[in-house]
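Written out below as structure tokens is the structure these notes cover.
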Amino acid sequence: MSQQNRNESKHLVVGVAGGIAAYKACHLVRELKEAGADVRVVPTPDALRFVGAATFEALSGHAVSTTVFDAVDEVQHVRIGQEAQGIVIAPATADVIARLAAGRANDLLTATCLVATCPVLVVPAMHTEMWLNPATQDNVATLRRRGIVVMEPAHGRLTGKDTGPGRLPEPQQIAAVFKALLDGGDFERNLVGQRVLISAGGTRENLDPVRFIGNASSGRQGFALAEIAAHKGAQVTVVAAATDDLPTPCGAEMVRVRSAREMKDAIDERAGEADIIIMAAAVADYRPATVAESKMKKGRDDAGLDHLELVENPDILAGLVKRRADGELKDGVSIVGFAAETGDAQTSAVEHGRAKLRRKGCDLLMCNEVGEGKVFGQATNQGWLLGADGSERTIELGSKHYVAAQMLAAIAELRESGGGRT
Ligand code: CTP
């Protein structure tokens, strides 16, 4: 069965705690159902003060209960907990997190969690002060130590006028992280204290005020890397050019740019601090030699629309490798590139990738085969992670979050083993 179909017919539990973001759980249930899973919603009694049981029952197709004293003959918490192949609690309030950390079993959700042995994803949502409170942070650390994955909350508008970390991530982000976890993605927190700089999206090179040269990169792979790196404990900055309309990766600082040169400036400014740099962006190799101040007119000889003159853009990745050689970057920084290749009669895509790895001089290169509807803008990816030390890891087909988890596990391993450079 292909990786992307693995969630089909899985028995999943969506736990919902009593926070204002409980309404977003409805969209999450839908996303998981649409991916083919059998979803059971287990709300806390307070969650039902925000969203009615009928809504969860209609969306999931299962009766909803909040207590172990309903359908006692079925011993619900034991049955649901044993059957569950994955549990996601969204939103998880400070109270539910505290009860999970304490091992309480005073409602159906916490009792079910005590029974379950499957992967558990906790998605906190609360006011910034409650999130940052040492009591909550200690409880989160306890859950993480026990192997429960706790998502970083999103940063943004909270209930009322406040903004800050504590928002529930968008249902599509939660579903993506949950699926990657269920697929066996590595969420080990082995990037704590590391600074990760990631470029994403496709650069745009202006011709005039309305036209540009661009590409089809969606930014999904770069954003997925940012999200997973944040969950692995890293301090993440994303420098993003044009992307599809995607939610900002949770737990990451976001810098928006447009052109290759803007991206180079933004990356160069931050590269000196980074422990890991991943160039996932599709950077335009060339840009128009001049940018017209007003819209170019078709058929006008001097407009130049029919004979564009192009000049080469800087190679950001190669520039980073050179700066490292010149001692301008942190000792031991890992530099990772991407290569979207097509094979031809003489050379396979992976051989092209290996040649590119040598040419660019980075430590790892994620090589994938493009063409025939593969990769760009698609929900899945696969390929080979090529190492400067001659290593070659197969990156299994899966969602871009799953690919990100595999890549970051390999990067962490490379760093733990002391480099990987020849
Ligand atoms: N890259 C970069 N700066 C550029 C072009 C590419 O940093 N001006 C980075 C990309 O982000 C990617 C890697 O280099 O990580 C390879 O990109 P690719 O476009 O495949 O490389 P090119 O050198 O342009 O090779 P090709 O001739 O195959 O397009």
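The backbone N, Cα and C atoms fix where each Cβ goes, and this holds for glycine too.
All TrEMBL annotations are machine predictions without curation.
The region 'Phosphopantothenoylcysteine decarboxylase' annotation in TrEMBL covers 1-195.
Taken from TrEMBL, the feature domain 'Flavoprotein' applies to 10-176.
For the domain 'DNA/pantothenate metabolism flavoprotein C-terminal' (191-413), the model's pLDDT averages out at 93. Per TrEMBL, domain 'DNA/pantothenate metabolism flavoprotein C-terminal' is recorded for 191-413.
Annotation source TrEMBL lists region 'Phosphopantothenate--cysteine ligase' at 196-422.
Around Asp285 (CTP binding site), a 10 Å sphere centred on its CB holds 13 further CB atoms from the protein chains shown. Secondary structure at Asp285 (CTP binding site), taken from DSSP and collapsed to helix, strand or coil, is coil. Residues or ranges marked as CTP binding site in TrEMBL: Asp285, Lys295, Pro314, Asp315, Ile316, Leu317, Phe338, Lys356, Lys360.
Within the same chain, residues at least six positions away from Phe338 (CTP binding site) with a Cβ under 8 Å of its Cβ are Gln221, Met279, Ala280, Leu365, Met366, Cys367, Asn368. Here Ile316 (CTP binding site) comes close to Ser199, Ala260, Met263, Lys264, Ile267, Asp268, Met279, Val283: these same-chain residues lie at least six apart in sequence, with C-beta atoms under 8 angstroms from its C-beta. Cβ contacts within 10 Å of Lys360 (CTP binding site), excluding its own Cβ and spanning all protein chains shown: 18. A C-beta separation below 8 Å, combined with a sequence spacing of at least six in one chain, links Pro314 (CTP binding site) to Ala260, Arg261, Lys264. In the three-state DSSP scheme, Pro314 (CTP binding site) falls into the coil class.
Taken residue by residue with DSSP, Phe338 (CTP binding site) is part of a strand.
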